[in-house]
Amino acid sequence: MLNVREILKTFNLGTINQKIALNKLSLELFPNDFVTVIGSNGAGKSTLLNAIAGNFFVDSGKIAIENADITRLPAHKRADMISRVFQDPLSGTAASMTIEENLIMAYRRGKTRRLRPAIGAKERDIFRAKLEKLGLGLENRLTHRVSLLSGGQRQALTLLMATLQKPKLLLLDEHTAALDPKTAEKVLELTCNVTEQEHLTTLMITHNLDHALTFGNRTIMMHEGRVILDIKGTERNNMTISNLLQMFEKASGAHMNTDRMILA
Amino acid sequence: MFSQIALGTMEQGLMYAIMVLGVYLTYRILDYADLSVDGSFTLGAATATSMIVGGTDPWLATGMAFIAGTLAGLFTGILHTKFKITPLLSGILTMTALYSINLRVMGRANISLLGSRTVFTDFAKLPFMEEYGVFVLCLISVVCLGSVIYFFLQTELGLALRATGDNELMIRSLGVNTDLMKILGLSLSNGLVAFAGSYVAQKVQFADASMGIGMIIAGLASVIIGEVLIGTSSIGRAILAVICGGVIYRVIIAVVLQLGLEATDLKLITAFIVIIALVSPNIRRSLSSLLKGVQGKEAQ
């Protein structure tokens, strides 16, 4: 499904701040995989997602989706395959535009934008039905500006936008980290529902080790730009948080920022 | 006498409102302070007048002014998106280059259209249009262009343009080439500005290489005045606000002139209007926080 082969990305090359963010990282995702990604700050988790989404090109290596090489494709040309939810609830929606305008832009993700009225009655019905499922009462607020919504509502809307047009790959970059615990649970529940119903292949970064092990079918751990642990099946089912931390220390020779990981 | 001045002011206001619509597209929709406006306004005037003097049909010449403006916007857009030059500098570069280009287009520093056929002399020949022809033609133009922009901003392409100004990262992740959107917005905007320039030149029957100086500031002042007085709760309202802002700005200028200030003081007054409009939210905020501080101390 997704095939990342030996990608290398160095930031600030040749300066004093030079940092290897992705160090010949390889990763393969199979159809319907829901992979959780953990690792300490600066391990390269977000950089990996940015590289897959095409926010920058990798220095070397190859990225392919369903055997199609996308390594040199700019971000907007990958949009028909990949959709994304960011950590910051503000960054996934256009605040000055209405809920239905945001939804229609996502509805036409990766398609040509034509010179014709964007929203019709048919689309409105679809949006209303989809919003109803969120259970946030947004179905009656189609023409409200997104800036009027709370962070949780905006993130739920972003999640809906990301899955409105079924993507081949869904990238979630700590999408619940900026929400209060209750809203975070709600958004995670929505995430699970939609990935299951739509059979999405998903890559989710999280700082919550409990979530990392309970959600999805596979967990990878990153350190210094590499995948240092990749568990699934029974090995993963028998895994506990303390085991995971021990394995991290063994594999990386460093201590994980445990307070944040456990409390997150 | 008074009604003459009032009519003249309204005519001017509507013509400048077209320019303000262009400024609105970049400054508000794209969130891009585009300074090429100063040059493209003159470019429109220069293109139309030199073509009319050369014998071209004035309606065609006005259309060509629009196209010349879009090319100027295209240039700014390419400087910014392809060569990564900052918005302000891209605009200044185009504006500077246009100054020379405008002189080339006109062949000299100014052109008189006295006695020539213009869109306004043509329109005045229609029945009942002798007296109010200029006003009616300007009104029709503003209403048409305003509606076109209103409907355009609701299309799929229009939404992509608005989203580019609102949240570039997001709309790019939804598959829109934001570079292209910026170029489109800048072209459209400068086309409108040049169109307004050609109208103004045909009305005053005169084009001058320096007639566009300070136009961007006048445009910003109009946008801000309109938004404060009319509001921006929806796209339709914002467009109406922008048009009214353009007219009101001209009314303010007319009043100030009637009060006895020199025409040469206009730019200073315009600059002050913009400064006041830009600074007032800050002042209001610091005043309210000051008040809160006082209340806090009293509570202790």
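Including glycine, each Cβ sits where the backbone N, Cα and C put it.
Whatever TrEMBL says is automated annotation, not expert-curated.
Annotated transmembrane segment per TrEMBL: B:12-30 (among others), in sequence order.
The annotation transmembrane segment is assigned in TrEMBL to B:59-79 (among others).
Taken from TrEMBL, the feature transmembrane segment applies to B:86-105 (among others). Beyond the ends of the transmembrane segment (B:86-105), by six or more residues, the same chain brings 32-40, 42-43, 46-47, 50, 72, 75-77, 79-80, 209 to within a C-beta distance below 8 angstroms of the stretch.
What TrEMBL records for B:132-153 (among others) is transmembrane segment.
According to TrEMBL, the feature transmembrane segment maps to B:180-201 (among others).
Residues or ranges marked as transmembrane segment by TrEMBL: B:213-231 (among others).
Counting residues 6+ beyond its ends, the transmembrane segment (B:238-260) has Cβ neighbours under 8 Å at 5, 9-10, 12-14, 16-21, 24, 28, 142, 146, 149-150, 218, 221-227, 229-232, 266, 269-270, 273 in the same chain. Annotation source TrEMBL lists transmembrane segment at B:238-260 (among others).
The transmembrane segment annotation in TrEMBL covers B:266-283 (among others). Counting same-chain residues at least six beyond the ends of the transmembrane segment (B:266-283), those with a Cβ under 8 angstroms from any Cβ of the stretch are 213-214, 217-218, 220-221, 224-225, 228, 249, 252-253, 256-257.
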- Take a look at B:12-30, B:59-79, B:132-153, B:180-201 and tell me which one has the most Cβ pairs under 8 Å to the transmembrane segment (B:213-231). B:12-30
- Stretch of maximal Cβ-Cβ contact with the transmembrane segment (B:12-30) [cut-off: under 8 Å; candidates B:59-79, B:132-153, B:180-201]: B:180-201
- Item | Positions whose Cβ lies under 8 angstroms from the transmembrane segment (B:180-201), at least six residues beyond its ends | 12, 15-16, 18-19, 21-23, 25-26, 29-30, 32, 34, 36-37, 40-49, 61-62, 65-74, 76-78, 80-81, 113, 119, 138, 141, 145, 157, 160-161, 164-165, 171, 207, 211-212, 215, 219
